[in-house]
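Enquirer: Can you keep this structure in mind? I'll have questions shortly.
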Amino acid sequence: MKLVILLNILFLHEFVAINYSSGPVSGNSEGCFCKLQGEVDDCKCKVETLDSINNQKIYPRLQSLLSKDYFRYFKVNLKKTCPFWSDDSRCALKDCHVDMCNQDEIPPGLKGSEPTEKKYSKEAQDEDESCEEQKELGALNTTISDSTKEALRNWTKHDDTQETFCELDDDNSSECDYVDLLLNPERYTGYKGPSAHRIWRSIYEENCFKPQEDESTPYSPQQSLAGLCLEQRTFYRMISGLHTSINLHLSSNYLFQDKLGFGNIKWAPNTEEFLRRFDPVNEEQGPQRLKNLYFAYLVELRALIKAAPYILEEEFYTGNEEEDKDVKSGIRDLLTVIQQAPDQFDESKLFQGDPKEAKKLKEEFRAHFMNVSRIMDCVGCDKCKLWGKLQVQGMGTALKILFSGDQIGPHSTINASQKKKFQLRRTEIVSLFNSFGRLSSSVHSIEKFRHLLS
């Protein structure tokens with residue numbers, strides 16, 4: 001028995017020391033970070049400045065704030081069907097039906113469930129990983145106390161009268177549920193393969209803009225942006241920055257598990273996965289994608305700054321008097337810090353020129369982003385769908401803020417007196433702060449990977 005225990009300990013030591021990945025990855029850390037210096041594209045702010053203010057001031061404040069009840073409970077509809085194609089999602093869900101999985105893969109507890117529409121393609125059934133494994137990785141913890149439910153019912157909700165950039169779930173729908181984000185952290189779930197690739201392929205190829213002379217050519221992240229106008233480049237860099245942020249979360253919180261059946265797991269940074277996604281030896285545009293993260297960060301940072309006077313008037317009511325007071329104090333502290341950030345994103349440079357052409361371009365921009373928000377309902381993994389919807393909604397809320405109010409530009413603000421013309425629902429505020437929190441966490445994780453790879 002002692003020998004078995006000793007061997008197990010030695011195995012775990014060796015296992016944790018080795019970065020698990022799907023195969024050998026070449027590359028070096030220097031190539032990944034080669035573009036992370038100087039000004040962010042189409043902005044004046046420098047990467048080094050953002051690293052400093054985020055990692056030292058913004059990130060720790062956000063982590064504290066997002067742990068509070070007001071921001072940790074997000075109401076979302078994960079039951080929506082994909083509006084663009086038949087749902088062919090992979091077996092990655094515990095609480096949703098997995099009808100097309102092989103019978104010997106279906107957990108016993110789900111075999112008595114009522115049948116629903118088929119969700120799995122033949123390709124998904126042929127995957128190597130078992131339903132049991134994916135079920136556990138993709139599981140959502142939906143536990144919520146009765147007292148919390150009562151407090152949630154009392155939260156103030158506002159009708160959205162503004163032009164939105166993303167499709168919001170109906171809070172009154174019986175299919176909407178509250179999810180505790182702290183019990184369902186964004187991390188590697190095992191969701192991959194044709195279904196996952198289809199999501200990003202649809203976003204890039206069908207919704208990102210292409211130069212007019214290349215309209216018939218499939219879009220790809222590697223495509224040059226030289227032929228695009230500022231608005232079209234902005235759209236691509238926001239999407240690319242969001243994609244990069246999600247990939248960083250998966251690389252930073254990766255599942256390591258032994259192959260000998262001991263059931264030992266560990267969530268930790270995976271340097272090989274990071275290199276696979278961002279080193280130019282493996283992905284030519286990897287370094288540029290990392291830089292696009294900073295662009296997306298600046299867009300949402302600017303939105304928070306513009307909406308600061310409005311946000312400061314919110315009650316952030318949950319029913320917990322002491323915590324609500326702490327949240328308001330924390331919000332005030334955070335907004336004071338981010339307002340000190342120099343060279344903010346300037347939205348007034350977008351949609352200028354001929355009024356008719358500018359209006360048409362803005363509507364195309366809005367329609368494309370609206371489609372991206374709808375594509376999130378095509379994601380097959382509940383956790384991936386949850387965090388995808390939340391982050392896209394947060395980015396859409398940022399766009400709504402930037403192009404609302406009496407004025408636009410780096411010095412414009414939305415004041416409490418404008419509430420009759422501009423309103424944010426609670427779900428928009430929660431998604432904006434959590435989305436910015438995810439971008440902030442990604443910027444912070446880049447520094448972590450620098451140290452790990454040095």
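Placed from the backbone N, Cα and C atoms, the Cβ positions cover glycine too.
Automatic prediction, not curation, is the source of TrEMBL annotations.
Model, not experiment: these values are computed from the prediction.
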Enquirer: Which one, CYS378, CYS381, is listed by TrEMBL as the other cysteine in the disulfide with CYS384?
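Expert: The record-listed partner cysteine is CYS381.
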Enquirer: A 10 Å Cβ contact count, applied to the recorded positions CYS166, CYS384: which residue has the minimum?
Expert: CYS166
Enquirer: Roughly how many Å lie between the Cα atoms of CYS384 (active site) and SER240 (FAD binding site), rounded to a whole value?
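Expert: Approximately 17 Å lies between the Cα of CYS384 (active site) and that of SER240 (FAD binding site).
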Enquirer: Validating a neighbour-count step here. Other CB atoms within 10 A of the CB of ARG277 (FAD binding site): how many?
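Expert: Result for ARG277 (FAD binding site): 21 neighbouring Cβ atoms inside 10 Å.
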Enquirer: At the Cα level, what's the spacing in Å between TRP200 (FAD binding site) and CYS381 (disulfide bond), rounded?
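Expert: Cα of TRP200 (FAD binding site) to Cα of CYS381 (disulfide bond) measures 14 Å after rounding.
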Enquirer: Can you give me the Cα-Cα distance between ARG187 (FAD binding site) and CYS166 (disulfide bond) in Å, rounded to a whole number?
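Expert: Pair distance, Cα basis, whole Å: 24 Å.
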Enquirer: What span in Å does the FAD site cover, taken as the longest CA to CA distance among ARG187, THR189, TRP200, SER240, HIS243, ARG277?
Expert: 21
Enquirer: If I take the alpha carbons of CYS381 (disulfide bond) and ARG277 (FAD binding site), what is the distance between them in whole Å?
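Expert: Approximately 21 Å lies between the Cα of CYS381 (disulfide bond) and that of ARG277 (FAD binding site).
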